[in-house]
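Asks: Below you will find the structure I want to go over with you.
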Amino acid sequence: MKVNCKGYPTKFCFGKPLPHCASDGKTYPNRCRFCNAFVKSHGLITLRYYGKCK
């Protein structure tokens with residue numbers, strides 16, 4: 001799955017909680033946190049699905 005991470009990273013993350021389960025096995029609480037991690041990983045992590053990782 002793809003997430004639009006244009007404009008990231010950002011210093012502050014606000015917004016509605018919408019958990020993102022990433023390929024690194026971590027649950028990110030919202031798109032902002034996921035996109036910050038995505039950019040930091042140089043695009044190596046991907047979105048597995050929306051929701052908490054199981």
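In case you wondered, yes, glycine gets a Cβ from its N, Cα and C as well.
On a predicted model such as this, the values are computed, not experimentally measured, just so you know.
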Asks: According to Swiss-Prot, which candidate among C32, C35, C53 shares a disulfide with C13?
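Replies: In Swiss-Prot, C13 forms its disulfide bond with C32.
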Asks: With reference to Swiss-Prot, which of the candidate residues C5, C21 participates in the disulphide bond with C53?
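Replies: In Swiss-Prot, C53 forms its disulfide bond with C21.
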Asks: Would you find the one among the disulfide-bonded residues C5, C13, C21, C35 whose Cβ has the most company, meaning other Cβ atoms within 10 Å?
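Replies: In terms of Cβ crowding, the pick is C35.
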Asks: Given the model, what does the mean pLDDT over the domain 'Kazal-like' (1-54) come out as?
Replies: 95
